[in-house]
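The block underneath contains the structure these notes are about, expressed in structure tokens.
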Amino acid sequence: QLLLLKRGGEEIYFGPLGRHSYKLISYFEVRRFPVGIQIQIQNGVQGVSKIKDKYNPATWMLEVTSMSNEEAIGVNFAEIYKNSDLYRTNKAMIRKFSVPDPNSEELHFPTKYSRSLWTQCKACLWKQACSYWKNPPYTAVKLLFTTFIAVMCGTLFWNLGSKRDNKQDIFNAMGSMYAALIFLGVQNASSAQPVVAIERTVFYRERAAGLYSAMPYAFGQVAIEIPYVFVQTMVYSVIVYSMIGFEWTAAKFLWYLFFMYFTLLYFTLYGMMTVAVSPNPNMANIIATFFYSLWNLFSGFVVPLSRIPVWWKWFYYVCPFAWTLDGLIASQFGDIGTRLVTGETVADFIHAYFDFKYDHLWYVALIVVGFTVLFGFTFAYSIKAFNFQKR
């Protein structure tokens with residue numbers, strides 16, 4: 001069966017091809033054969049050239065039904081088809097099969113997708129794992145960049161973590177954490193944006209084909225980042241922690257590892273989220289950069305909480321970067337009883353100047369994890385709710 005349309009979508013022919021396209025040729029070609037002493041003309045369209053021997057029927061069909069040939073012979077193939085017996089036969093068939101059998105049942109599928117939600121999640125995670133493994137420019141380069149930043153920060157702030165004589169020593173050690181978070185966090189978010197933008201294009205096509213829903217895709221995209229960010233965090237933390245000279249205790253190192261991991265993870269998810277709410281990576285980068293500036297300004301390091309005007313203090317509490325610095329600095333210095341040259345202890349200075357308390361570490365840790373979950377769920381919801389397809 002062949003459905004042939006002209007430009008504009010009007011039907012020219014809808015019917016059987018026949019052996020060697022015999023029936024199609026018979027519909028268009030005027031056939032002449034003798035009956036007694038007269039020549040009888042059967043079917044066909046006046047003016048259509050006869051197909052040559054051993055000529056491709058498909059090529060001939062496209063040539064004789066082209067708009068230029070239609071104008072040359074002065075016909076309208078769509079009107080000819082509508083007035084043909086073939087058209088009336090097709091309409092009668094449509095009417096016949098449009099009425100369901102009295103004993104038939106409505107076609108019904110118990111679920112929208114052929115596989116369960118869990119199977120979809122596993123398939124999407126496997127797909128993303130293969131995609132990331134085959135994308136060294138993203139995974140390997142990010143790890144190399146992390147190693148370079150770690151060595152740079154370690155040599156720049158060499159052994160500053162063990163110096164606690166005056167306030168400047170504390171500021172220097174804090175600066176090492178602050179600089180690393182800015183470099184690595186922004187790099188994680190920015191590098192994830194083009195990758196997610198490309199993956200989203202694939203997702204649009206595969207969701208339209210009914211392969212899986214938005215939630216399994218979001219699960220796979222978020223879950224695959226978890227091990228890669230963990231490796232990145234381990235490489236950075238081991239290098240920097242040892243070179244800067246922070247106190248080597250299991251609790252302090254694990255707290256450092258914890259806050260660095262979830263910070264790099266929420267930066268990555270934040271970059272993914274900005275893509276999900278934007279039509280393209282350029283717009284996502286503009287949105288992300290705007291908030292980077294605000295997070296930097298209200299992190300509590302440039303301007304401590306005690307010096308932020310009261311009408312802007314609310315933004316400090318919704319700034320994820322501020323809670324990360326709180327956790328990192330409090331875990332490293334919030335319980336240090338060493339006295340500075342001013343007479344106050346390191347812990348008292350941290351509390352008085354920055355309002356960071358060692359006793360609040362679990363509370364701060366839950367908030368940092370909460371930001372990570374928030375960005376992940378916002379990414380998943382935005383992928384489901386927004387559709388920026390151009391076609």
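Numbering starts at 1 and runs along the chain as it is shown here.
Every residue gets a Cβ built from N, Cα and C, even glycine.
Taken from TrEMBL, the feature domain 'ABC-2 type transporter transmembrane' applies to 119-333. Here TrEMBL flags 337-389 as domain 'CDR ABC transporter'. Feature annotation from TrEMBL assigns transmembrane segment to 138-158, 226-246, 253-277, 283-302, 314-333, 361-383.
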By a Cβ-Cβ criterion of under 8 Å, what residues six or more beyond either terminus of the transmembrane segment (314-333) are in contact with it? 161, 164, 170, 173-174, 177-178, 181, 185, 246-247, 251-252, 255-256, 258-260, 262-263, 266, 294-296, 298-301, 305, 308, 346-347, 350, 354, 356-358, 360-361, 364-365, 367-368, 371
Within the domain 'CDR ABC transporter' (337-389), count helix residues (DSSP H, G, I), strand residues (E, B) and coil residues, in that order. 37 helix, 2 strand, 14 coil
Pop the mean pLDDT for the domain 'CDR ABC transporter' (337-389) in here, whole number is fine. 86
